[in-house]
Every structure is written in structure tokens, then in C-alpha cells.
Amino acid sequence: MYYFRSRIYGPNLIDVPVKPYMQLLFEEVLNPFYVFQVFSIILWSIDDYYVYAICIFILSIISISISLYETRKVSLCVILHNMARLVTNLCVFSVEECVNSLELVPGDCLIIPQEGLLLPCDAALLAGECLVNESMLTGESLPVLKTPLLAGERKFSSESERRHTLFCGTQLIQAKGGGLRGDCAIAVVTSTGFFTAKGNLVSSILYPQPINFRFYRDAAIFLIILAGAAVIGTIYSIVVLFRAKVTVAQLVIRSLDIVTIVVPPALPAALTAGTIYAQNRLKRHGVFCISPPRINVFGKVSLCCFDKTGTLTEEGLDVWGVMEGGPTGFSELVPEPRLLLPGPMLSGLACCHTVTLLRGQTLGEPLELKMVESTGWSISEAVAIVQRFPFSSALQRMSVVTVACEGRSAFAFIKGSPEMVVSLCRAETVPEHFSSKLHSFSSEGLRVLALGYKPLDSSTDFRTIKREEVEKDMQFLGLLMMKNLVKPESANVINTLRLAHLRSVMATGESCLSFVYTITKLHSAVTLTSVIKLQALTCLCLILSSIPGRISLNDGFDYHLAIEGKSFASLCEHFPEYLPKVLMRATVFARMLPDQKTQLVKEFQKLNYRVSMCGDGANDCGALQAADVGVSLSEAEASVASTFTSKTENISCVPLLIREGRCSLVTSFSVFRYMALYSLIQFCSVLILYTMHTTLGDWQFLFFDLPLVTLLVFVMGKGGPSNELHPCRPPASLLSLPVLASIFLHTCMIFLGQLGALLITTSQDWSATHLHLMDFNNNIKLHPLYYFRYIPLNSTVFGKENLPNMENFSVFGLSGFQYIIIAVVVTKGYPHKKPLYYNGKLAKMSRIII
């Protein structure tokens, strides 16, 4: 049986192959850019352009070497190979001996030792408890407690059973409660290799969502247009060369040379100039990017989606107060739970949690640590917890079964969202004014939890008791209120985005009213009365019927929609035709599950929004990957699934990224237009000189392509982003009428300018001029200066044989100024880049060349 399973699943290994240098070299040389370079070098060598060909060859070798070194040095495959490869020995229950992790297959039972281990597979916990550090997957630095999988006939799913699933690559810190002596845990392997959660993460990084960006599509189309111009130029050059009666070999070489002029081979490298400068500036601000082309995408973002806890608000929570409740109503607010009289409420706060003790230190979620600390109890003083049913986002609750030290009494405690806990409590135990109290606390931005309990028969076998049996017919105990403060930077950032006409939405797993309160703190113009909470589906449909068919962000409405996860799911399933209307107006998405956040991002993208998602890494990985650009505020390994990672743990990086994205996109536009016009300038020069039976010299080509144009391109991108976000976004289409018309008009002016310079030169009737010079005896002599005399070309020869000549010099001199002038003209500044005079290097470069 094991043999067949091993043949089906293969070795348990996430193996990311690292390409050797020779393979990288082969692939780099086969890059279309270098293939075109090789073609050009061969052509120039045949045409005796040895100096130019040798220079380009040397530069290509240097470029390939640097590219290979940098590719291997910062290769994502190398990083992932070191991160993903994990081989260790584990003890398998069936053979009770250590086996290599490569041999594990689904169905194997593992014995997890008390001291824990680094898990090489996904496994479902069958017996015992495990304290696990899942920061590699979720970004959460705090350990979580995993409990055994409950018995049942349902189909196992690692997503719905996360509290019972041990994931590959996570560090198991401690195991207990399983085995014969209770000093280990038992788990069954469910997935291996790339089918594990870590394998899926690695796959998503290796094969990310493709960049569907119009700028890159239009750039490819524009190159085809330039190729068409090259064909026209080639046909014209063939006609001219044929009339000049050149040899067939010269005709072919000269015609192909036109192609190397019109289609700039350095265009792909030049387009990266803006993103390279932007990436370096972002690094200085503590923002790191794993996909530089996405920087340009950030320049077109129109909607920013934010998580709440840890992103907009502080990570931790502080206990604000507790209020006991019963059939007679609520008691007075007690600011500190430790002031409560001994009873079920105090016991529930001290026991209903997953906090554990490891080497004398309490570990657990921040909320639960604060809750236990506020009771004044210590973990060692608590009653024995014999069964835990951990918190689930889908169930919105957790529960525990406790037994007193002497075993005489047993109680079940439940803690969770107030609405869920009340639904599981007997109606007569719930205070009459429960809803109004909950609304009041939530409206103040407090995180509200409800607690309940019930006594149990101490003779019950609690190891096999079902969750449904424990969590029914509970008695309501009261409410626990916790305060989550908004980060000081959040309000300013949201206001900056609003002034820039960028829409902001928030998605969280917390209650709607609590999140709405946060919105009022972030949006000074929003009040609680201007927010409509969509919960009931019937209420939802009534409101939808009153919303116009088309809604814009500036439609003048004086309300905002707040939607809870269940309503969002119902809307997607039953009323998809109304979904665009709601999404165009909704600001708050509360009680959202991780999958719903991902779906929300995709639905916004269907409405032609460019979506950025900002989260702290925990439960946001799916949405971060689905968004056009994702920003993680966590430095854990899970952040590699996000395009951008910020060391600053607040959202101040979002406006910075948008400004840098817009600056980079504008720079890419400028560089593309310049490279196109640079090719067209040289194209016009060569065609005009071909007509005059001459051409540009080897050193002239070299001067234009290397010292002049290359340096100009790279200093063009030095201008930094504007200090403010402007309401308008930069264009993303290269094929728009303004861009094409601009290039066409510039080309016409370039051609007419060069043609005018040539005609002025040839129309001069220059005779020999004389220069008055003094000899050593101070006698004046007349010296003829024939360099300023126009000498017509020899029409019987063609090309370089006619060099030097005045036609060549006139076109060469004017075109040199055209390169510099065009660089200044297309380098656009305001409103997304700093003005041109801030780019000192471009101004200095232009002065030196002139």
C-alpha cells in the first residue's frame, strides 16, 4: 500500500531548481535584445564599422556579465530554493522509527515530540495540542494553539479546519496531551510537496499573476509601428541605392542598416531607467519591491483597500471594561475585570482562551493575553481546561470545558461575537436591552465580545464530547469591551488619498459598527448617521432599488454603505446584478472572511478599478496576491507573496508608492517617446544623407548612441516624484491621439530642420575667404582658408567614401542639438514629477555636451 502511495504522490519535496550559469548565459544570449545586437554587430562588421561594432560588442559582454551576476545574486529561485527545501527525520507511528521526510506520503501518522520540530508537510492533528509559530505563512509573529480534529464524517479541508491543521514550514514549538504518556502529539499527513500550503505559496511566487498593463501592451504595438517605418525607409533606401548603381552586397547591407537604426535595440533597457531610480528611492524609505514593473502599475491605482487591525489601527487591544448581564438587565460598568466578584464571569474571562505557558512565559494572541492579564489570574492558578474548541472565523466563537481542581464540578464557557453568543444562549438569560447596549458600545469604536457558560455533568467523557453539545443552551454572562486605537498616521493618509480623488475602502473581520466608528475617525466629513448598515437581505434590496444605475465617486450622495460579510456573500450569490451598485458606494466591509476579501478585490477589478491592497500579512495573503499591487506591513516570510513590503508599520507608505509609481510611469512615457524620436532623428539623417550619396561616419554613430543618447536617457529618470498627490492620474496608453500626434509633429519638425540645414549649406556660393594673420615680424599677410568653402560631393561614389563633407557635417551638427532639445521637451515634470530644474544632472549633462 505504501509503495502505491509513494508512486502516486512522489517524494515529499518542494524543489525549486536553480539554473546554472551556463543555462542562464544561454537564455540571456537568446534574449531578443541580444539576438538583435548580434545581428547588428555582424552587419556593422561586414560594412567595416569595426570601431562601432567592437564597442557595442564589449558593452554587450559587460551587460550580459552584470546581468548574469545580478540575476544569480538576487535570483528569486535561489531565495525560494533555500526557503522551500526542507529535509529532516520524523518518527512515523506505524513503524515507530525515524524516517526521512522525503518518504512521507498522505496517510502517514506522525509522532510529534514534546520539544516540537519544523514540519515538512501538511498534517491534521488527531491527538494532543501543539503550539505553532505560523509567521512563515500568515505573517503573525505570535504562536497559535492547534487542537485535535473533531470526529465526524465531513470531508476534511485545511482551510475550514485551520485550527486543527499543522502546515508545512511552520515551527512546532511544543506538543503535549497525545500518546500514551501525554508527552507528544499525533498527526496524520494530509498533503506533501507542492500540494502543501507552503508549496502553494512558493508556486504563487514562481508564477505570479500576469501584469495586464496597457502601457506594456502599447509599447509592443508601437515597436511594430516603428518596424513598419523601417520597412518604408528600407524601400526608399533601395530605390536611392539602386539609382546610385551600388553593388548588390552594398544595397543589402545599407537596407538592413536602416532596420538597426529605426528599431532601437536599447529600448527595453532604457524603459527600466525610471523604475530603477524609483526602486532605489523606495529602498531608502524602507519599502522593498520584488517586481519592479509593478511600480508603474501603482501609478494607475484608483482604489486603495485597507485591512483594519494592525494596518489602520494599532496591533494590540486594551481592556476598556466589563459589564455583567442577566435576566434582570446589565450591571454597572466595571473598568477592570480583576475588580469583579468571584463567579462565572471572572472564571470565563480567565479560562476561555488559548493562552499557554512555555518555559515560564505566557504565549497567545494579544487580545487573549490582555484579557487574562486583566483578571489578575495566572495560568498556573486557573482551573484545568480539559477540552478546547478554538476560535473559527466562520463560527465567530470559541469554547472550553473546564474542571475544578478536585474534579467535583465542570463548566463550559463560550466567547465570541455578541450576536453569535446570544444566538446560542437561552433567551430568558439575555438582558432586555442587549441590542441597545451593544449598539452603544460598538458606536464608540469598542471591540465587544460576549461570554456565556453552563454547568456540565462531571462524569461526562470530555475527550469525546462534541462541540454542538457544549455550545447549546448556554447562559448569558456579559460583555467585554476592548479599545483599539487608530494609528496617528492613518487619518492623514486617508485624507491625502481623498483629496487626490483616490477611493479608500476598508475590509475587516470585526463588527460593522466598530469599524464604522474607525471610519468616522479617518474621514472627518463622515458621521455615524451618514452610514447605512446593510445586514438584512430585504433591507439591502430596498436600498438598492433607490440607487441610480450609474454611481460615481462624486455623485453628491450624503451616505456611505457598510456591508457585513454574510450580506456580501448573499449579494454575490443571489443578486449579482446589484453588486456593482453597492460596490460603487460601499466604504466598509465588516465580518469579512479571508476568501471574501479576495473575492472583494476581484469584484472591484471587474469594475475597471486598479486595486491596491494593504494589510499586515495575517489573513490578507489571498487579497494581497489578487490585487494589482499588494503592500504588506509584515516582514515575515509571507511578505514575499506581496509585491511590496514596508518596514514602516503604518499606511504612510501608500501615498509614497503612488507618487513613486506615477513618477516612474511618467518617466517611462518620456523615455519611450525619446527613444522613438531618437531613432526617427537618426532615421531622417540617414535617409537625407543617402539621398546625397553619403552617410554618417562610424565615430558619429558611436557619439550619438553612447556618450549622448545613453547618458541622456539615464539622467532623464533622475527627477524625483512630486511632493503632493495630484487629483489626475497619468495616462497609461502610448497609442492615444496626443502621444501619436506629438511624435508625428516632432518628426516632421526634425525632418524639416535637417532638410533646411542641408539646403542652406548647399545653396551657399562660398568662395575662398582670407584670414588676416600676423607673422613673426608683425607683417600682415593674407592666408586663404579653404575649410569654409563649399565643395560639392562626388556623385560617382557612395557612402563613407564621400566623407568628410559639408552635407554630412550640417546634418550631423543640427541633429546633435535635436537629441538634446527633444530630451528636454519630452521630460515632463508637473504634476507627477518635480520640475525640470530639480534635475540638475540633466541640465549639467546638456551644458557639457553643448
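Glycine residues also receive a Cβ, built from the backbone N, Cα and C atoms like all the rest.
On a predicted model such as this, the values are computed, not experimentally measured, just so you know.
If you look up TrEMBL, you'll see 21-43, 49-69, 219-238, 258-278, 671-693, 699-717, 737-760, 809-827 marked as transmembrane segment. Here TrEMBL flags 97-204 as domain 'P-type ATPase A'.
Counted over residue pairs 6 or more apart, the CB atoms of the transmembrane segment (699-717) and the transmembrane segment (737-760) come under 8 Å in fewer than three pairs, which marks the two as apart.
Contact check: the transmembrane segment (809-827) against the transmembrane segment (671-693) gives at least three Cβ pairs closer than 8 Å, residues 6 or more apart, which meets the contact criterion. Averaged across the domain 'P-type ATPase A' (97-204), pLDDT in this predicted model comes to 82. Sorting the domain 'P-type ATPase A' (97-204) by DSSP state (H, G, I as helix; E, B as strand; all else coil) yields 21 helix, 42 strand, 45 coil.
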